[in-house]
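Quick notes on the structure that follows.
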Amino acid sequence: MSYIQGETGDWEIVIGLEVHAQVISNAKLFSGAATAFGAEPNSQVSFVDAAFPGMLPVINEHCIEQAVRTGLGLKAQINLHSVFDRKNYFYADLPQGYQISQFQQPIVGKGEIVLDLPDGSSRTVGVTRLHLEQDAGKSLHDQHPAKTYIDLNRSGVALMEIVSEPDMRTAEEAGAYVRKLRSILRYLGTCDGNMEEGSMRCDVNVSVRKPGAPFGTRCEIKNVNSIRFVMQAIEYEARRQIEIIEEGGKIDQETRLWDTTKFVTRSMRSKEEAHDYRYFPDPDLLPLELDAEWVEDIKKTLPELPDDKKARFISEYKLSPYDANVLVSEKARADFYEAVAKGRDPKLAANWVTGELFGYLNKAGKEIEESPVSAENLGGLIDLIADNTISGRIAKEVFEAMFETGERPADIVEKKGLRQVTDTGAIESSIDAVLAANADKVAEFRSGKDKLFGFFVGQVMKATQGKANPALVNEILMAKLKG
Amino acid sequence: MTGLTHLTMAAALDGLAKKEFTAVELTEAHVKAVETIRPLNAFITETPEQALAMAKASDARRAKGEAGPMEGLPIAVKDLFCTKGVLTTAASHILDGFKPEYESTVTSNLWRDGAVMLGKVNLDEFAMGSANITSHHGNVISPWSPGEVGNWSRQIVPGGSSGGSAAAVAARAALGATGTDTGGSIRQPAAFTGIVGIKPTYGRCSRWGVVAFASSLDQAGPMTRTVEDAAIMLRSMCGFDPKDSTSVDMAVPDFRAALTGDIRGLKVGIPKEYRVEGMPAEIAAIWDQGIEWLKQAGAEPVEISLPHTKYALATYYIVAPAEASSNLARYDGLRYGLRVEGASLKDMYENTRGAGFGKEVRRRILIGTYVLSAGYYDAYYNKARQVRTRIKWDFDEAFKQCDVILTPTAPSTAFAIGEKMDDPIQMYLNDVFTVPASLAGLPGMSVPAGVGSDGLPLGLQLLGRPFDEETVLRVGQVIEKAAAVTATPPFMA
């Protein structure tokens, strides 16, 4: 447990998250309209999405399947009977005047998410529920000095709202939760997790208490759209609340916003101003009844999820939990690693992938999918090390060229003449030249200054432009020095 | 040709088939009739050019031997059905100028089967009313009103909400009309104007493209002058529609074939709770008469009990406004219809909705908002849902003992404009016999059964098991024949 130090002692933060994840689907939740991001405003709107008179919603079965798949991925209870409700409120970008959502009977019940913390440890956070709902449209306030424009492309797009238990205690845990949830959703192919495009958004519930005390009054920070902001907002909000309480004040339950320019949370509306959503079952839709067998069939198609993959990487490839974590956090990374490791030393493969490759990608701001070095080529590079064509040191130079050009390692080695020298005669003559030129140091070595061995190795490698096989150099050099 | 507007649909189909007249001639006669009955204010929009074009196309289809089941029959469409390119108002100011880019499933079905559209008929605003006195486009006058046309001694209401449909059909300006029924909006105006109106089982007719009032109750149905015509038109209106999640995927029977006249051995339930206190003697008498007719035809009356009947009206006036308050939220001035500008978004909402909705609609939105509010939801909306289930069970139980239920359609004959208007509760009482079947989703039909002491029509209501419109129609026709009502409205085209 890590606590925040206040004037009056330690404070514990209590955090619960509501994540809105856009379902990967070509069509909206209740209309056939398309869902692609970035389309011309109001070009993906059906009469249903624009709430024209007499229009009716019809459930998109694919979205239901995606929600069930997600529920199964969260090891959650799938409710075979669920109900769509109307959440009533007026807003310009909510054409129906209500959002179709699920209130009392969601499609997915209790589940869990295992957090992988930076120190390699794990912690389980409860998932309260997952329900399906429609997204609203978008209000564009910056297109005209006095008018607001409405883009209904997003109106009706399927969202999964995934609600956690108030199980998190630090901003890092909250960050780890969102990362892990995003990873699971991506593995499942049910949400692309792209927070910049708004396909994943967070409402963060924060309260503080003295350790062991009952829960404090919480504030909800709405619509936070990056993991960094989630963590910053929690840190700020917790300190704000502690300060108020320590100064003798009390926390008002309210909805707040994260100001991304001033790095503070601001009040959006108080409990008194909170909407009365007047939820009631949507009479245009019958209760959703799922077939247990259908759910079982979906279960059979689930991919290996990060937790299982991590366990397998640890047992099968003998990787450290840390390396396994780094590799399984994204399916594409894990797949890349396995392609490299196949038939090769898995630890060496892990070192190259998490070390050189991720380092270079990170510097270049590239995703693994955009890597100029293919898994096949990285594997090829490791093979060149294994068969002594090049040394580990030369390999790093080759890798740099591979990352720049995308060329095959063998071609680069050939072109640059980096092939390792294993001809003992050639190495011997290089060593003889080095020893002759440094007779004084040879004498010092022989009189007991062992440390000079490294100097000689360096000189020999320099003379051979690094291409001499290091093992051979060591062996012959030692023999000659001692001889 | 004269007399064409007085035909039944069945006779008109006959005449068309025998080439006694063409669809164009039949339509021309009706277009003229629509003009003649303008004093009734039954139509909001007349579409004579479209009607004639459709009639022409109909004659062409018939000539090619491709006549549909309603080929060439001119009908009126309640202005709650969206009709492509034709003004659709729901009789509300808030839909000013709204011309849909789409056609409702029910009207599409009718045009598919050859029907011809004469125009869009008046109704209570958003179908909320029992007298057609809440329309932004003015009251509809019943053709049964006594006195000189336009200068009536009593302006009788046609009932509601499908008042324009009822008036147009009764006054012989259309062979039939579409109606919608949420708590009695087909059956009560049918009874008030001496015509036939059937609300099929919830789910039979698609609600797609019909302006919503209360989604769990709204159901379209035909209004015609005979039971046989109702059977013809109902068959064309029904059918599964994947665009409506509450539409039922069931074969549509040939309802006309069910009209065998043979009801021997059929058990007719008479619910004792419907003998409400203060029921006018002539209503009780026509009900008894109905029982007698069915007995004479070989059916067996059985007393049944529907114990939760007394809660039905209260339940309905919670459930329907609750759904309406949400359904009508989309009329916000942003995308179509009326917009009254304001300084802020909220002002614009208030100005638009304040000006766009009439008093009754505003009342129901307020009631609905209230019963769904935090702290009241359980006491009102949730309780009403529970009672609704009980009412459904009542009918399930009753139909173990009988095949069809007979009741009066309305607690009185039609009243005059100005009466019952001070007290909305008094107006809501009109629905006391029709509402329970709506809550249970059952098929219900009103059939003309006689004329009251005031010279105005009286109707009897038949309720059936879910999806058993056939029995309802069969028994209805027996009453229709036995009653053999000859009285006609004083004003007809």
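Here, residue 1 is simply the first one shown, and the rest follow in order.
Quick reminder: no glycine exception, Cβ is built from N, Cα and C everywhere.
Of all the Cβ atoms in the protein chains shown, 32 others lie within 10 Å of the Cβ of B:Lys78 (active site, charge relay system). The feature active site, charge relay system is assigned by TrEMBL to B:Lys78 (among others).
Look at TrEMBL and you will find B:Ser161 (among others) tagged as active site, charge relay system. In three-state terms derived from DSSP, B:Ser161 (active site, charge relay system) belongs to neither a helical nor a strand segment and is classed as coil. Its Cβ taken as reference, B:Ser161 (active site, charge relay system) is surrounded by 35 other Cβ atoms within 10 Å in the chains shown.
Marked as active site, acyl-ester intermediate by TrEMBL: B:Ser185. In the three-state DSSP scheme, B:Ser185 (active site, acyl-ester intermediate) is classed as coil.
On the 0 to 100 pLDDT scale, the model's mean across the domain 'Amidase' (B:25-473) is 96. Residues annotated as domain 'Amidase' in TrEMBL: B:25-473.
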**Study point:** Distance, B:Ser161 (active site, charge relay system) to B:Ser185 (active site, acyl-ester intermediate) (CA atoms, angstrom)
**Key:** 5
Check your understanding: By a simple count, how many Cβ atoms lie within 10 Å of the Cβ of B:Ser185 (active site, acyl-ester intermediate), its own Cβ left out?
Key -> 37
